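Record features, source TrEMBL:
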type     : residues : note
DOMAIN   : 39-508   : domain 'Major facilitator superfamily (MFS) profile'
TRANSMEM : 42-64    : transmembrane segment
TRANSMEM : 76-96    : transmembrane segment
TRANSMEM : 108-125  : transmembrane segment
TRANSMEM : 137-157  : transmembrane segment
TRANSMEM : 178-195  : transmembrane segment
TRANSMEM : 215-233  : transmembrane segment
TRANSMEM : 268-287  : transmembrane segment
TRANSMEM : 307-328  : transmembrane segment
TRANSMEM : 340-359  : transmembrane segment
TRANSMEM : 420-442  : transmembrane segment
TRANSMEM : 454-478  : transmembrane segment
TRANSMEM : 484-504  : transmembrane segment
Amino acid sequence: MASSGIETEQEPLLGNCTPGSREWDITETEEHCRSRWISIRILYLTMFFSSVGFSIVIMSIWPYLQKIDQTADASFLGWVIASYSLGQMVASPVFGLWSNYRPRKEPLIVSIFISVAANCLYAYVHVPASHNKYYMLVARGLVGFGAGNVAVVRSYIAGATSLQERISSMANTSACQALGFILGPVFQTCFALIGEKGVTWDAIKLQINMYTAPVLLGAFLGVLNIILIFTLLREHRVDDSGRQCKSVNFEEASTDEVQFPQGNIDQVAVVATNVLFFVVLFIFALFETIVTPLTMDMYAWTRKQAVLYGGIILAALGVEAIIVFMGIKLLSKKIGERAILLGGLIIVCVGFFILLPWGNQFPKIQWEDLHNNSIPNTTFGEIIITLWKSPREDHNEGPTGCPAEQGWCLYTPMIHLAQFLTAAMLIGVGYPSCNVMSYTLYSKILGPKPQGVYMGWLTASGSAARILGPVFISQVYTSWGPRWAFSLVCGIVVLTIMLLGVVYKRLVAFSVRHGRIQE
């Protein structure tokens with residue numbers, strides 16, 4: 001029986017073992033329960049460190065790229081930003097497959113070591129005499145490759161929790177990830193006090209400034225994470241009822257063949273859940289991308305104002321997401337995961353519907369040349385360049401408003417600020433609900449068999465969404481304006497809701513589907 005401190009985090013594990021089975025242990029001791037939850041919490045910390053390592057440099061990439069290599073342009077910035085998601089998309093299935101057959105410590109430690117090495121490379125990209133931008137490209141790609149361990153983390157947590165514990169654990173994982181995304185830019189802001197010059201350690205040619213200090217902190221957190229995983233993480237696996245069992249991931253596993261519960265995974269449900277997860281990440285990625293240019297066009301904000309206020313809005317959404325994650329734990333016990341997923345998609349659809357322009361008030365028109373960094377018509381890098389523009393460059397902000405060369409500015413009504421904030425609040429409720437429910441349902445559909453490869457594909461689909469979402473919204477918004485852009489998004493969400501309706505009855509836990517547990 002677990003201690004009272006652990007009982008607050010998960011339901012008691014009940015159920016007898018299968019008599020005479022080599023696979024099931026008789027009961028879970030308090031010591032085993034403590035070890036299991038220590039290991040899970042170490043992986044919560046891993047998700048937090050990973051998200052901090054990503055977001056802590058995101059606002060400084062563009063000015064640093066300009067500083068180290070004058071040949072770098074906005075087009076190349078797009079490749080630098082996309083390289084993270086590309087690296088993660090490639091690595092996720094690889095680490096997932098690895099974790100299916102070997103102790104999860106191995107892919108976790110190797111992936112984090114790659115991220116640490118990549119952060120160190122990022123800190124030295126100023127050293128080479130030429131081609132510095134390519135070194136930064138490689139560094140960010142390798143950081144993304146290391147972040148492919150998200151698949152291993154989710155696979156471990158799915159395999160080490162019962163169905164009753166699953167939602168709470170997945171919500172905690174997402175909350176830690178969201179908290180990392182919130183605090184990363186805060187740390188970056190603190191490091192900005194060091195300045196561009198900073199200090200130089202001549203013996204090892206290391207410059208410690210506002211651009212390199214964040215990645216050095218990321219490297220330090222990675223080393224700390226490796227130590228914690230090496231010393232505290234243990235292999236644990238329980239079935240859907242919470243009964244302890246052994247798997248190929250155990251270092252001390254016997255040479256006897258491991259017996260897994262019989263039954264096939266519902267591949268239709270697996271594919272459908274991957275599509276649902278892709279759309280959820282796609283929708284939020286495009287919303288993150290459009291916040292800055294939309295507010296500059298609609299409210300004539302300067303670049304500095306848009307980055308500041310947009311950052312505050314996204315940070316507020318992050319806090320809102322953490323609250324939603326905590327609330328989902330209670331709500332899911334009453335109405336179930338599928339209902340929350342459906343409700344989340346409906347809320348997101350309503351949010352984007354509210355964003356549709358209406359009325360007879362039009363945005364301020366910028367008749368001069370495009371200087372305010374609204375979305376240009378060329379490359380992906382230029383689409384998101386405003387998010388990385390250094391405020392130090394804004395001695396002359398230039399004209400503001402919706403640029404006349406975007407023809408829709410002349411006839412499209414403005415999106416009122418209250419309209420925008422209401423939509424953002426709704427999206428901030430719907431997105432985290434859909435996010436957690438997608439991979440909670442996914443893990444339950446897969447059942448007690450090793451989930452590494454499947455979780456790898458889920459993570460890869462999310463990475464692809466984060467690449468394609470900004471490209472989609474930028475092209476549609478620039479060419480046709482917010483009315484077409486958000487109408488198409490609403491259409492995508494409606495189609496997704498219809499897909500969920502078609503597969504709704506198939507999105508059930510493996511053990512429920514095969515009659516081992518009552519839903």
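Even glycines carry a Cβ here, placed using N, Cα and C.
In the predicted model, the domain 'Major facilitator superfamily (MFS) profile' (39-508) shows an average pLDDT of 81.
Long-range neighbours of the transmembrane segment (484-504) within the same chain, counting only residues 6 or more positions beyond its ends whose Cβ lies under 8 Å from a Cβ of the stretch, are 268-269, 272, 275-276, 279, 282-283, 286, 290, 338, 341-342, 345-346, 348-349, 352-353, 355-356, 473, 476-477. With a cut-off of 8 Å between Cβ atoms, the residues of this chain six or more beyond the transmembrane segment (307-328) that come close are 59, 167, 171-172, 174-175, 178-179, 181-182, 185, 288, 291-292, 295, 301, 340, 386-387, 389, 391, 421, 424-425, 427-429, 431-433, 436-437. Put simply, of 42-64, 215-233, 340-359, the stretch with the most CB pairs closer than 8 A to the transmembrane segment (76-96) is 42-64. Long-range neighbours of the transmembrane segment (215-233) within the same chain, counting only residues 6 or more positions beyond its ends whose Cβ lies under 8 Å from a Cβ of the stretch, are 38-39, 42-43, 45-46, 49, 52-53, 56-57, 104-105, 108-109, 112-113, 115-116, 119-120, 122-123, 187, 191, 208. With a threshold of 8 Å between CB atoms, the same-chain residues lying at least 6 positions outside the transmembrane segment (454-478) that come near it are 82, 85-86, 88-90, 92-97, 144, 148, 150-152, 154-155, 158, 270, 273-275, 277-286, 288-290, 293-294, 375-377, 380, 383-384, 406, 439, 442-443, 446, 484-485, 488-489. It is 178-195 that, among the stretches 137-157, 178-195, 268-287, 420-442, forms the most Cβ pairs under 8 Å with the transmembrane segment (42-64). Cβ atoms under 8 Å from those of the transmembrane segment (178-195) belong to residues 47-60, 208-210, 213-214, 217, 311, 315, 318-319, 321-322, 325, 432 of the same chain, restricted to positions at least 6 beyond its ends. Tertiary neighbourhood of the transmembrane segment (268-287): same-chain residues 341, 345, 348, 352, 424, 427, 431, 434-435, 438-439, 441-442, 445-446, 454, 457-458, 461-462, 464-466, 468-470, 472-473, 489, 492-493, 496, 499-500, 502-503, 506-508, selected by CB-CB distance under 8 Å and a gap of 6+ residues from either end.
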